[in-house]
Structure formats: C-alpha cells, structure tokens
Amino acid sequence: MDPGEAAILESSLRSVYRLSAPLPPLPSALPGGMNVIDHVRDMAAAGLHSNVRLLSSLLLTMSNNNPELFSPSQKYQLLVYHADSLFHDKEYRNAVSKYTMALQQKKALSKTSKVRPSTGNSASTPQSQCLPSEIEVKYRMAECYTMLKQDKDAIAILDGIPSRQRTPKINMMLANLYKKAGQERPSVTSYKEVLRQCPLALDAILGLLSLSVKGAEVASMTMNVIQTVPNLDWLSVWIKAYAFVHTGDNSRAINTICSLEKKSLLRDNVDLLGSLADLYFRAGDNKNSVLKFEQAQMLDPYLIKGMDVYGYLLAREGRLEDVENLGCRLFNISDQHAEPWVVSGCHSFYSKRYSRALYLGAKAIQLNSNSVQALLLKGAALRNMGRVQEAIIHFREAIRLAPCRLDCYEGLIECYLTSNSIREAMVMANNVYKTLGANAQTLTLLATVCLEDPVTQEKAKTLLDKALTQRPDYIKAVVKKAELLSREQKYEDGIALLRNALANQSDCVLHRILGDFLVAVNEYQEAMDQYSIALSLDPNDQKSLEGMQKMEKEESPTDATQEEDVDDMEGSGEEGDLEGSDSEAAQWADQEQWFGMQ
C-alpha cells in the first residue's frame, strides 16, 4: 500500500473508532492524480453498483463522523452515487431520501461558492467540472416517484426544472405524467417540445395523436427531417395511419397500415403487425386479428405487447389449452409486465374461476395501471361475482384510457343491464352510436339494449338489419338477430340466417344456436351434428353439452332414467366439487390487498 492510501485508511479508522490521536490531513489525491471519489465515480460509470453502494456507504459514515474529511462537493458526489446504487437495487424510497440530501448539499455548495467567489486567476478544478448534474438528479427522483406511484410528486419535482433546462427525456416524462393525470394542455406542450428537439420521437407523435392533435399538424413538425433524411418517405403515411387509429376510423387505419406493411422495406415489421391485429380486433374481425397476432408471434417469439388481447381471443374461442401455454410462455419471458397475468386471468375467467381471475386482473393492474385489458378482465370478474358497482368503476376507467374501444362500452352496458338500469344502458349505447359512428358494431350494441325493452323491439330489428347489411358475417349481430327470431318463433328464418352466416366461417355459438333452431323444427339428427361441431370448437361450451344431453334423453327414456340414477349416486361428488370452488374462492379472497384500484 502506498503512503497516500495508508494515510486515508488510518484516517478512516481513527474517525470510525473515535481514536484520540490527532487525525492526519486527507491527501487531496492519490498518486496518479486520483482521489477516492474518483474511484467511486469510475466504478459507477463501469456499472459496478453493488461495489459503489458498499464503498459510498462507508465513506458517508466517515464523513458524518468527521465533517472535515471531505469537501462539500465531494460529499455531494458521494450522496448522488450512493442514491444511484440504491435506485439500481430498486430501493426507491431510500434513493429519494439520498437524492434529497444530495440536492440540499448542492444548494449549500452553491451558497458557499457565492460567498467565496473565484479570484479569477485560477482555473476550475477537474472535481468541480465533473459534478453530477442537478437536473439529472431531479430526473432520477421523478423516476423513483413514478415507480412508487406518486405521480404528483414526480410532476412537482420536474416542474421545478426551468423550461430551457429540460432535456427531451424530461419533457417526455412530463408529457406522459400530465396525460395520465388528465392535464391535456401541458401534456401537448411537452410532447411538442420533445418533437422540436427530436423530430423522429415516434412515441411522442403517438402521444399527440392520442390527445386529438390533428395528424396534419403533427406531420408538419416532422416535415424538415422527412425532406432532408433519406428513406423516411414512409413516415407521413405512418402518421396518417395512426391518426386514423386514434380517431376510431378502424377501416381506414387498417387499409393505410396494410399499404405500409406491403412495402418491401417495412414488410414483416412486428409493430405494424401488432397494430393490425389490434385494429382487426377493434373492428370485430377476430379471425384476422388472431392470424396477425400469430404472424407477429412467429417473427418475434419474445413478443409481449398485445399478447393479452391475443390470449383473450383464444379464450373466447374456447382454446383454453392454448391460452394456458401462452401464459406459461409469457411468464418465462417476464413476470413484470401485465400481459402474462391477464392471459392467465382469461384462462381462469373462461374456466369460471372468477375469484382467481379477479386476483390475476388486480395483479396486472398493479404492474400497469394503464392496462385496458386488465381493467376489462377485473371488471368482468367483478360483474360475474355480483359486485356490479365495483365492475362499473373499472369499465369507466377502461373507457377513459381507450375511448375508441367498443368492448369497454360493451362491458359497462352489460353491467347496466345486469342491474336492470336500462335507461342508463340506452343513454350510453346512444352516445357510443353518435361518437363512434353508425357501423355494424355500434348498431348491434344499440340493438342489444333495445331488445331488453318490449317497447323497442321493432327498433332493435331495424338496427340489426342495418348491421347485417353492412357486415353479413358479424357474429354478434347474427346472434342477436337469431335471438329476436327465436322470440317470434320464426325458426325457418333463423335457420336460413345461421346457415348463411356459417357459410364462410365456423363459430361455436352459431353452431349451437343452429342446433337449438333445428330441434325446434324436429330436425334432431342435424341438430345433434351441430351440437357436436360446437363442442369440437369449444369442448367447455356448457349449453351445447346440455342441448346434446337433452336430445339423448328424449330419444332414449330408459337410458335417461339410468342416467338420472347415476346422477343421483354421483350427487355427493358434485357437491364436493362445489365445496372445492368455494374453498378456492376463499383462498383468492384472502388476496384482497391486490383488489383495490391503484
């Protein structure tokens, strides 16, 4: 050990153990021009955060026991590097505390430098030139606050930075925080500032479009870079496509993104395929949505974004084994995203395990409070458990986050209908019809509410006819029209409607309803065939199974009697299953800390 290092070590020992002998002065630098703070800085730059944490902790203790040991600027640096190491260890509250102490130290340092102005004949020391940026410290504090879900504190710390000193990442964080808080005007201003400094910041462009800024205005902010940088001719079309997305014009958005995706340079882009899949889903074209998700997944096996919607679609189709496999694969990729929890929640929901689905949805919201699919999952689970008012809160939050997604409104309207609030349901359905326009989906949604009131049955029929004129293969419209025909006992018309709908697609619900209609006209054999097809598509479809069992009992009374005897004998076993379900519900109810909204 050289003399300088020996002196520092001896000084440290005397300070920590409070030895009575006089302390030797701390050398300003080790041989080679480096002091101990320089070593801490180099380790931090090298990413040796655990080493920085240990050493800086010891050095700060030494400084507390002997304030003369380090200069004010050195102590400021130690506090910042120590706080950074805590941040990397995800100890955010502790990091905020140390960052706050660092800023107080910096403030005191600034006052000291004002009291002792430079004589003018000495150059600034290397130590003062490489002090950690106070603005960077505040940004790290804001990051800590967002991780702690203290958005107001994050906004307050970033607002304290003068506008001219805000870097693009500070403006981007501010824009996102303002948007989340519902403060649209300052959010737009911050996004525009990001684009002024970085005109190719595509996420900032999406942020502006989501806040109803016109596509033409956003495109004008990128015009210079498009004209001066080669191979960016696609950007204006990209902006146009996502402008359609955020205005709810799904068909034009699909066509525009398809035109982009067909260009050789952008073919097989995972983000574009994911956007297409989501748009097909919003448009009610589940078949094409699943195909696009599968295509994106093949190109990127580690894809997480959008997989929650993909899992939901698979669960709706009754492909629960595929949903389970998807959930396991996503958990292996990352359990710190909402998507794996939502996919597993969909599996539980469609397995009628609503308590577990509720827990998984709440866990997903805890990881990402902006996850629309998590809010919809939790809302649906609450509704099916009879907690309708709580479900309504979740569907309203989903609507706030995704005002162009029809399934958010469908969930809320279903809650209103469940609680017999037909008037509220009608008002909401009319608002959706006016806001999102007269398309097959909004017409069917309005017709669904009209079917609940005997006075508006004719209006429902007219709306459904309009919806089917626009999209003869729209399954929800076909189902509702079949329901109306069943009420009127027009079974032949219903059979014709369902056969026509099934000509170019195969759907469990449509096959099952066709089976019901065929039973009504005594076509038992074909009805049995339809129930069989429905069960092959979704083995868990209880109504198809009940229809098939009912037909078997009617065909063979003796067998039916025997089956009833067997059912009686197995009754205790069924009760045991139900008790198991109650036990499971109690188990998941113990997880109530996850259930609250963040």
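Even glycines carry a Cβ here, placed using N, Cα and C.
A TrEMBL annotation is a machine prediction, not a hand-curated record.
The annotation repeat 'TPR' is assigned in TrEMBL to 372-405, 508-541. Annotation comment: TrEMBL describes 546-556 as compositional bias 'Basic and acidic residues'. According to TrEMBL, the feature region 'Disordered' maps to 546-598. Residues or ranges marked as compositional bias 'Acidic residues' by TrEMBL: 561-582.
Here the repeat 'TPR' (372-405) has, by DSSP, the following mix of helix, strand and coil residues: 27 helix, 0 strand, 7 coil. When Cβ-Cβ distances below 8 Å are used as the criterion, the repeat 'TPR' (372-405) is approached by residues 245-248, 282, 308-309, 312, 338-339, 341-342, 345-346, 349, 354-355, 357-358, 360-362, 364-365, 411-412, 414-416, 418-419, 435-436, 597 of the same chain, each at least six residues removed from its ends. Averaged over the repeat 'TPR' (372-405), the predicted model reaches a pLDDT of 95. Within the repeat 'TPR' (508-541), the DSSP-based counts of helix, strand and coil residues read 27 helix, 0 strand, 7 coil. Taken through DSSP, the compositional bias 'Basic and acidic residues' (546-556) splits into 10 helix, 0 strand, 1 coil.
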